[in-house]
Amino acid sequence: MKVGFALVLLWSLPITNVLAELPQPQNLTLLTLNTQYVLTWDWDQTTTGNSVSFTVEYMAKYKMKMKKKNWSRVCERTTRTRCDLTGSDLHYLGMYVLRVRASADGVNSDWVNKDFCPDIDASLGPPSRVELAPVGNLLDVTISDPLTSTQHSMKEHVLFLYYRILYWSRSDDPQGLKPKVLDSSNNLVTLPELEAWTWYCVMIQSRYDYYNKTSSYTEPQCMQTEGDTPYGQIFLYFLVSMMVCFLLVLLSSYAFFRFYRGLKNTFYPSIQLPAHIQEYLCDSSPGSDMPRLITADSEAELCCDKLTICPEVVLLEIHVPPPLTAPPSELEQDSGRRIRQDSGDSGIYSTEGGSAQQGRSGGEPIRRDQEVDSWQTLEQVKMEEMGRELADERDLDEGVVDICV
């Protein structure tokens, strides 16, 4: 019996050494914001490798004195070094004990405990939303309370929650180095002592003095105040509006004029078609302006033949008699009379004939050579007149005329 007991004792010693060799998690820390709680810890991965897992449990602190302790398990065999306790429904004013242990290859480490009270340890968040609105030369600031994980106001858990408001003029203090401070527990705050038509920037912080809790400030928001409008600005607005109205009227008139002109040129062009074209385009009934571009089915088709009229070529033969050597003396008076008569019929008087008449009227004798030359000149003038008349008739007769049958 003694030998067997000694063997059992020797066998249990290595197991105790193995249990003691697994270290505990270190540096338990809580990351909190309003009612969001996350427990984190440190672990040296070189001791056991990646096969280690962790278990997290919690229990109300007043139950620690009871003989039977009932722990609530949150995270079991997790490989991460953090555990989210937000969904555990921890009361904000309660006090709890959190514990963590490591497990590897069926061996567990010792538990590591940490006390936690949300009312004391949980951080306070900034306002969930901030809105600015100008009211004359003042600014209204609307502040929305910080929210819990269930989207309820934190004032349900923190009764004496209030806000610290920092505001400054952006033109006088661009960096906000010397802001004005205003504390208020109201959700609607009016900033006093502001100037009209000035830009102001605002930052807000949540505060809880009982446990000395302060949140971070919100991002700066800027808004311009209003006030009575100066007369110069009113006149400027009026002038600009008048110019805009004038330009609109001018553009509208120009557009209407262009439209009217285009419409008039389309339907009533200034250049009319010739009458001989319009009579074929318009209806033949009197007083009708309807175009007759499409022929009615009842109208008979008109067939036209092409007729060409050419002038008849007439050859004119002119025989010039030989010059007379010496006309008889008794024919001198008849020859002069014939010359004057022929000149009167043709409407053209020769120079020589005129000079001969002047010579005869003056009583000077006319030589036979001069009479012969005058007669030849008169015949030449007649032939030129007949040639020009034939040329004019030939020009008039040339052309092609179409006649509809």
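Just so it is clear, glycine is given a Cβ too, placed from its N, Cα and C backbone atoms.
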Exercise. Looking at Swiss-Prot, which of CYS222, CYS245 bridges to CYS201 via a disulfide?
Worked result: CYS222
For this session: With DSSP as the yardstick, break the domain 'Fibronectin type-III 2' (126-228) down into helix, strand and coil residue counts.
Result: 3 helix, 49 strand, 51 coil
For this session: Would you kindly give the Cα-Cα distance separating ASN70 (N-linked glycosylation site) and ASN27 (N-linked glycosylation site), rounded to the nearest Å?
Result: 25
Seminar exercise, completed: Quick note, ASN70 (N-linked glycosylation site): same-chain residues at least 6 apart with CB under 8 Å of its CB -> MET59, LYS63
Exercise. Here are the glycosylation sites: ASN27, ASN212. Which has the lowest count of other Cβ atoms within 10 Å?
Worked result: ASN212
